[in-house]
Structures are given as structure tokens and as C-alpha cells.
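A.B. asks: Per Swiss-Prot, the features are:
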| type | residues | note |
| --- | --- | --- |
| SIGNAL | 1-23 | signal peptide |
| CARBOHYD | ASN27 | N-linked glycosylation site |
| MOTIF | 104-107 | motif 'RxLR' |
| CARBOHYD | ASN111 | N-linked glycosylation site |
| CARBOHYD | ASN134 | N-linked glycosylation site |
| CARBOHYD | ASN143 | N-linked glycosylation site |
| CARBOHYD | ASN165 | N-linked glycosylation site |
| CARBOHYD | ASN286 | N-linked glycosylation site |
Amino acid sequence: MRLLHVVVATVSLTGAITSLIAAQHYNVSSDVIGGIEKEDFGVGCNSRTKYPTAADTSKLQPRFAYLITNSLADFIAVHFIKFNLPDNDFVQIRAADPSAVDNRVLRYRGNESNGVFFADALSTKSVIVELFTNASSSAQKTNSSKCVGFAVDSYQYLGEGSTLNGSKEEVCGADNSREASCYSGYTNAFRASNAVVRLLIKKSTGSFFCTGWLIGSEGHLITNNHCISTQSHASNTEFEFMAQGSSCSINCEGARACFGSIRASYATLIYADATLDYALVKLPINLSGQYGYLRLRSSGAVMNERVYVPQHPAGWGKRIAMKSDNGFGTVTSLTMGGCAPNQVAYYLDTQGGSSGSPVLSWSDNAVVALHHCGGCPNTAINSYKLVNDMKWRGILPANACT
């Protein structure tokens, strides 16, 4: 469990740092799996560095600092295997480069964070992990059943698009999807895309990109079960809104490109269903008033109706797939097999990371299917199945369907 304080500024420190240890991994080592690099550092908790016990009168200088550098990194997300600090102490993580685009400063405080968790990912190739203490540790409250301090065992630095059982979500012919802002003139569709969110899910096997979207008016979000299937997944997911270019000319083709606003770093899992491949979570803050929300069509998709898919393929900035090689995208089947029986099919372009995207009807901007599987055509779970299942379980959010 942890609460995160974010300061949007870089930190400038003067004077000597008590302890600065550099771990510079310029190349991937042989034991790296899925964008994970092993580490072994910390303060207290049986690490090589003892936890400070003398009072610290300075609020500017860290008592400990550790540098992580990886030239292959798209981001760096530190994994804490132990975290139990005195109430007023905190660990701070920031980009080592003061000119880094992602200039957030992440702070995890002793009275708000504990246990095992991933820090938020910073989009940079080098970070500094620092410990700040504000008073004698002996005078502050801690969990007496645990060691005092923190320990890091690894960090994640690359993400891949999540797919269902290795199925390939595909571009069908030429990639006809476009940057979301290219469709700003299509007012209703562009407004609907505001509810679509880029997800970075940090799992024990690595980091994965997916797409999710706000459903109903109570602060819920839906994505695929193969993206989020456990509370641990939900607790280690970053929910990034408005990750898109401000104009059509801006190229957002890159993992975590066109940085948006990470409004939540965890969620509560309401239910995940493997058969229908959906996961319903609730964010710690209701953002439906700010970004709007989408609604499922209770009657489901209609054969040959025009559809479009706002999405974050490969963790890129938001794109909208509205056209195929043969014109505007339409529902081409309601009975497609493959990843599931009786799927909705369409020839709109997707990639790994598009999983969980809404398939919306052009006529009423209702969600008619939940994209989840690749191939040409690409396929999705019909919306009426989701509505019926959530109603039966008593978990359908308010204003979640038409």
C-alpha cells in the first residue's frame, strides 16, 4: 500500500550527499527478463547501509542517494520489496537529468506507504532514489513488527502491449489509424475519446500497456481481464488520461509518448471475468465529471453499422481507428470465432496495447463491443454480454448502459 505525492519540478541539491551509490546499467544484463533489471540496495532492513538514527536538522539534503541508469529504458519503475519508514521520513525518486521531460518528483512517505509495491514509472533513462529524514528515527512511529527502512530488489524499464494468449492484434493492411487530434473536427467522437485511458500495468513478469475507459458516472473503468485480473494488477497500474498530441501534426508513435496526466496509480478491482475477458475497477477518484464517461449499448452491436476505436496501441499516444483500407470501419460479423465465441468483428487497425479499447458506434457513440483480440479482422466482446453479466452480478455502475 502506498500514497504518492508528486511535485512537478526538479530538485536542486547543494552540498555533499551523505551516500551516493551508482548502479549504471548501460546494457541489458544476461539475467534481464521482460524489461526487468535486478537490483539490491536499501537503507536499514538488513541492507549494507544502516538507517540513520541521529537527528537531521537539514530539510534539503538526502541521507542516502542511489543512481540507476539504463540506456535502453523507456521508463524506470522502482520495485520496493520492503518499505517501513518513520512517519515523517520519505523516499524520493526523480529523474537524474534536470532537463528530463518527465520532471515529476515522486515522494513516498512513512505514514502513507508500506509493504511491497512499485513506484510510479518515470519516463527517463536515469533516476536518483533518495532518503530524507526529518527527525530522529527513534522518536517517530513505525510498524514495530517490521524492520525500519526500505529495500529495492529490481526495477522495470520497458513495456510491451498486452495480448490475449499471445494472439497478435493487427494492422489490417496499411495502418489507417490516426492521431486522436486529427479527428478533433468530429466533435462527438473526439469528445468520447476523452474517457479513454492509457494503462501501464506492472506485473511480476514485466510491464504491459493496455487501454481502458471510464464507464458510468461513479468513477469506474473497464479494460480486459488479460490486462488486469487480480487486485495486485489493479494496485500497480498507472491510469494516464489525455496522453495525446495537441494537434494532428504531433507524432505520438512511441511508448509513453505525448505524456498526459497520471490521475491514479492504483484502483480497486471490482470483478474480472476470463470468459468475457473484462475487468471492472474503481479509481480512487471519480473523474467522470472531468473527462466524461462512456456507456455500453444494452442491445449490442448491429451488423454493418459504422464503428470506430479510440486506443493506445503499443502504449503510444492516443489514436483513433475510424477507417480501413476499404473505407469507414464497420461491423463485419457478429458470430466470429477464435478467441471467444460469437465475437464482433471489424477491420479497424489495432496493435498490442489496444486491448481493452471501446468499439463505439458512429450513430450514437455508445460502446457496442470491448476490443480484446487480434487477427484480421480484429475482434471484440459484444456489449450486451457485458451488460447482462454485470447486471446479473449486481456490479453494473450507474449510467453505464443505454
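Backbone N, Cα and C atoms are what each Cβ position is placed from, and that goes for glycine too.
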A.B. asks: By DSSP, what is the split of the motif 'RxLR' (104-107) into helix, strand and coil residues?
C.D. replies: 0 helix, 4 strand, 0 coil
A.B. asks: Restricting attention to the motif 'RxLR' (104-107), give the mean pLDDT.
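C.D. replies: Here the predicted model's pLDDT, averaged over the motif 'RxLR' (104-107), is 97.
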A.B. asks: Within the chain of ASN286 (N-linked glycosylation site), which residues six or more apart in sequence place their C-beta under 8 angstroms from its C-beta?
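C.D. replies: Once residues fewer than 6 apart are set aside, ASN286 (N-linked glycosylation site) is near SER217, GLU218, GLY219.
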A.B. asks: So, in DSSP terms, is ASN134 (N-linked glycosylation site) helix, strand, or coil?
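C.D. replies: The residue in question, ASN134 (N-linked glycosylation site), is coil (DSSP, three-state).
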